């Protein structure tokens with residue numbers, strides 16, 4: 001859309017290869033269809049369940065037993081996503097960007113072959129190319145995984161309630177999904193191979209896990225599934241999962257209605273003809289290395305988003321990188337995407353917002369004696385009346401002693417973590433120090449003031 | 001002789017307690033006097049001051065109760081089987097809130113004890129610059145002397161006593177949060193204090209705090225299902241950015257709160273069935289109108305609590321118009337060794353966090369060899385109306401006045417919180433405005449946000465503004481998706497361009 005502003009002739013090819021279970025979706029990519037958007041809406045549904053409980057303590061009276069209807073929620077969510085798909089189609093049309101719902105692959109220099117749903121092929125040539133094909137969920141490679149398990153690609157449009165669910169994985173996808181499924185009243189178990197939220201601050205990751213466990217989510221640690229079998233067909237059916245310990249020979253079995261795999265995502269780079277044009281990829285991960293101007297090793301081919309090597313898999317990063325790239329190419333701009341201090345939020349039942357270094361990486365990079373960690377538990381005012389956990393919410397700031405106690409890491413665990421973290425990320429972009437933080441007056445009574 | 005205490009604090013509220021506890025950390029001998037004169041309706045409360053007892057805390061909790069009412073409606077769209085209509089019981093909420101407040105009173109008592117601060121439940125007044133006379137409820141007197149004295153007695157709501165029946169039949173925020181029974185059909189009156197002096201009408205403009213009290217209270221009363229009307233003579237939220245103020249009231253109006261604009265009450269009478277008959281003048285139509293209510297709440301401003309302190313005896317100067325104590329940048333009054341912090345001081349924002357910060361810094365300057373003064377610039381604040389409004393820095397009007405409209409750039413956006421989509425909620429007034437200097441890097445002068453969780457959103461940005469954040473730096477900050485706050489990092493339409501500022505898609 002940015003390129004079209006500069007009156008360039010632009011073509012967008014978008015195609016969704018159906019999931020093993022046959023699921024597909026419209027224009028917009030992962031975030032809109034099977035990521036951020038439906039995830040946050042379902043997380044909201046779960047939060048509302050909690051709000052219903054709280055509201056009784058605040059004087060509200062209603063039906064004694066509260067139940068959740070999966071279909072009502074999913075239909076609403078899918079309707080909204082449909083409106084976004086439509087909105088994108090209209091937007092591209094209005095900006096004179098040609099759109100084809102077809103699978104693109106390189107067949108030679110400057111040439112791409114587009115194959116649509118009916119198998120009809122067309123060839124297109126362009127001066128420049130941008131690869132932004134993103135990723136898809138990884139499967140375990142065990143018997144029964146593709147036949148019986150679902151992934152996040154299927155969950156958000158599942159036409160029946162998933163029932164008793166086993167979530168395999170410890171990524172933020174796994175924990176967020178496990179979180180909202182439990183919040184909607186389902187029986188949820190999470191099977192974890194080793195640690196939670198690899199790459200995130202581990203102190204906080206453990207607090208998140210603890211909170212989830214205290215709120216009814218079961219964890220099976222240090223096990224991996226080795227086989228999934230169907231006991232009974234149905235919507236949902238019944239599945240038997242066999243798992244093996246990672247530390248010994250113990251084998252366990254469990255029965256679930258649904259098995260959700262969330263063990264990682266693989267870049268969609270292996271079947272788009274990159275070898276035909278010489279674009280190098282990391283053979284192991286499938287990701288594409290680029291320079292700081294998002295250029296691949298082939299000068300006229302660029303890449304943005306989840307497929308980039310060593311970059312963050314986040315929607316706003318992809319958007320920013322894409323826009324700036326086009327401004328550099330066509331508007332003479334020089335601004336590059338700033339990948340430093342990119343804030344992020346994990347929408348687990350207890351939300352986690354973070355920006356900058358985790359405590360471990362700060363210690364690794366600067367040395368323990370050169371960093372100062374300020375921290376505090378807090379009790380959101382709104383949790384007092386309904387007597388909810390009074391020592392679970394937590395905020396942590398990591399400062400670099402050698403650089404005027406500049407804030408190099410910000411972490412907050414509590415409600416509305418994303419809303420809180422955004423502003424602090426802006427402040428970190430300005431190089432905020434602990435002293436400036438101390439002299440900033442808090443807004444009362446809100447959770448965020450605990451950070452000042 | 002030698003003074004008994006190093007520091008004596010009169011007033012156990014946000015500012016006073018913060019100052020006292022900080023001073024005690026330095027190993028000083030500290031005492032606090034706290035006393036609450038019952039309101040005209042007889043309401044009183046424990047240690048902790050306005051914020052804890054009749055301000056921020058109960059207000060936010062009742063606001064939360066109202067928000068939960070919305071959540072109950074939303075929940076249906078998200079698949080929960082809550083049947084409408086649902087019912088709210090005031091006494092359940094009030095008791096829960098009051099119990100929590102009482103636990104805070106207790107907590108403060110314990111804290112003072114832990115920190116070895118002496119607590120006197122007495123009303124204090126000056127005998128001389130180092131001597132305070134404390135009086136208990138029973139009339140018992142205690143004399144206390146101190147090297148340094150901090151006045152932190154705060155303020156109390158005013159009554160428009162020139163209106164017949166105002167004092168006898170009306171309540172204020174001092175009473176609202178402690179009502180055992182529902183206030184029922186409520187009229188909240190917000191108007192500048194008007195004195196009639198032999199035929200000449202003199203308007204005294206309000207100080208900062210009250211304009212939002214009436215709106216916040218009206219907001220949550222409507223939210224829990226009560227028939228609520230706000231009467232105001234002129235503009236809402238005086239002192240705040242007026243565009244934002246009107247969006248806030250627009251939202252309230254479209255969600256059930258009734259507004260009687262450009263009206264002012266002339267009398268309040270009690271009816272046989274114990275309801276209240278209010279008569280008012282409609283200045284637009286020039287007519288006199290009336291209606292009956294269960295409760296009339298006055299939100300006409302707060303008066304500093306200085307009357308019984310005996311300030312004249314020791315020569316502490318106050319502002320002749322507002323009655324507040326005049327202090328310099330170090331919180332010192334006109335009398336050496338006598339200081340003041342919080343709502344009682346002239347020219348300061350009436351906010352808990354500023355009182356706390358000022359109190360702490362004062363203690364550090366007095367006893368901790370610090371020289372750091374309180375920075376009152378760019379203090380963020382939030383109005384907890386049904387659709388919350390958070391802001392920091394200059395309003396658009398103030399920026400125009402200070403720099404000229406040619407020298408500022410205003411970025412703005414109408415957005416829709418993701419959670420409103422499935423819930424089919426109206427987001428017409430969800431709006432963000434950022435006022436910047438027009439030149440070079442475009443330093444941010446003011447940020448205004450209307451939407452859910454406004455306080456959470458604004459806090460971090462206030463920090464950024466404290467660091468001199470510019471529009472350029474903000475644009476380099478990547479957004480967190482999906483949140484409302486990220487819309488701030490995406491602001492790019494200026495008012496000057498005249499383009500449609502509605503956010504569309506990702």
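For all residues, glycine too, the Cβ spot is worked out from N, Cα and C.
Here TrEMBL flags B:481 as active site, proton acceptor. Per TrEMBL, the feature FAD binding site maps to B:60, B:124, B:343. Per TrEMBL, disulfide bond is recorded for B:51-B:56. Annotated domain 'FAD/NAD(P)-binding' per TrEMBL: B:5-359, in sequence order. TrEMBL lists B:379-490 with the feature domain 'Pyridine nucleotide-disulphide oxidoreductase dimerisation'.
Known features from TrEMBL, placed on the structure.
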{"residue": "B:51", "record": "disulfide bond", "Cβ neighbours (10 Å)": "25"}
{"residue": "B:56", "record": "disulfide bond", "Cβ neighbours (10 Å)": "22"}
{"residue": "B:60", "record": "FAD binding site", "Cβ neighbours (10 Å)": "22"}
{"residue": "B:124", "record": "FAD binding site", "Cβ neighbours (10 Å)": "27"}
{"residue": "B:343", "record": "FAD binding site", "Cβ neighbours (10 Å)": "32"}
{"residue": "B:481", "record": "active site, proton acceptor", "Cβ neighbours (10 Å)": "22"}
Widest Cα pair spacing in Å over the listed FAD contacts B:60, B:124, B:343 is 30
In whole Å, note down how far the CA of residue B:124 (FAD binding site) lies from the CA of residue B:51 (disulfide bond). 20
Distance from residue B:56 (disulfide bond) back to residue B:343 (FAD binding site), taken between C-alpha atoms, in Å: 14
Simplified DSSP label at residue B:60 (FAD binding site) comes out helix
Secondary structure of residue B:124 (FAD binding site) (DSSP, helix/strand/coil): strand
What is the interatomic distance between the Cα atoms of residue B:124 (FAD binding site) and the residue listed as 'active site, proton acceptor', given in whole Å? 54
Sorry to bug you, but what's the C-alpha spacing from residue B:60 (FAD binding site) to residue B:481 (active site, proton acceptor), rounded to the closest Å? 27
Helix-strand-coil residue split for the domain 'Pyridine nucleotide-disulphide oxidoreductase dimerisation' (B:379-490), DSSP-based: 40 helix, 31 strand, 41 coil
According to DSSP, residue B:343 (FAD binding site) sits in helix
